[in-house]
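K.L.:
Take a look at this one; I'll ask things after.
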């Protein structure tokens, strides 16, 4: 009798073992820790991102010659759109930040394991690690970043994330989904590189072996605040350019044109509009994300 030579079908137990093995992989753990930390920080600081976007896109005719501050925009949003209006754009923010932060930390962990092999990074290595990891995450999440920016601006009435993706693709093509990508990378990659450098260097100054274990998260958070402020100041102009290119891709088609038009309409000050809410949000988000990430990685027995 001829025996059936076909391989046996994969059993449910085998599938379960494979999934369990994947979940135990350090890179997957780093991705999960990063995703959870990104969720926490996004929920808390979304209003600051919305205020930043509104401040950056105010037209001179909207307020005459008067300078509009963050508090005035905050009160206007609450008055016209309710308190929950401050969380407009939350869905694309979550869709962007949760996997985006996970991709960032997962890539960062992989690069550190491959290139550093256990030794602490130098200042230059920290910059390169941050730039590389953020670039990967930025390219992957660019379409969601475009949608998030348009939601927050209040100038687009998309019904859902899927509807927004379909509308942008039909009206602007695939380029519309990646509008402002160069400006985004010029903003995010240097921010992550500069942030990681200052964060690691500041942590190296602090004698962690002499700090009470319960105070280590607070110490790490403080280091993150310091690093975030410096990185935010350096990358603010790129953020303004990115916002305009994503909201008005037909008007701002390339970076040089965007720089010229923003300077013409707003002057040098235009490149720093929305700087305060952005610095607050980016600094607090990065500090919280890194603190939560490092604590979770330590609980899993992994070195972050």
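Easy rule for this one: first residue shown is 1, then count along the chain.
Any Cβ shown, glycine's included, is placed from N, Cα and C.
Relevant sequence annotations retrieved from Swiss-Prot are reproduced here:
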type: REPEAT; residues: 25-114; note: repeat 'Solcar 1'
type: REPEAT; residues: 121-205; note: repeat 'Solcar 2'
type: REPEAT; residues: 215-299; note: repeat 'Solcar 3'
type: TRANSMEM; residues: 31-56; note: transmembrane segment
type: TRANSMEM; residues: 89-115; note: transmembrane segment
type: TRANSMEM; residues: 127-152; note: transmembrane segment
type: TRANSMEM; residues: 180-203; note: transmembrane segment
type: TRANSMEM; residues: 219-245; note: transmembrane segment
type: TRANSMEM; residues: 274-292; note: transmembrane segment
K.L.:
Do we see three or more Cβ pairs under 8 Å linking the transmembrane segment (127-152) and the transmembrane segment (31-56), pairs being at least 6 apart in sequence?
P.N.:
yes
K.L.:
Pop the mean pLDDT for the repeat 'Solcar 1' (25-114) in here, whole number is fine.
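P.N.:
Within the repeat 'Solcar 1' (25-114), the model's average pLDDT equals 85.
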K.L.:
What are the DSSP helix/strand/coil residue counts across the repeat 'Solcar 2' (121-205)?
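P.N.:
Grouping H, G, I as helix and E, B as strand yields 71 helix, 0 strand, 14 coil.
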K.L.:
Would you list the DSSP helix, strand and coil counts for the residues of the repeat 'Solcar 3' (215-299)?
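P.N.:
The breakdown for the repeat 'Solcar 3' (215-299) reads 75 helix, 0 strand, 10 coil.
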K.L.:
Using DSSP, how many residues in the repeat 'Solcar 1' (25-114) fall into helix, strand and coil?
P.N.:
77 helix, 0 strand, 13 coil
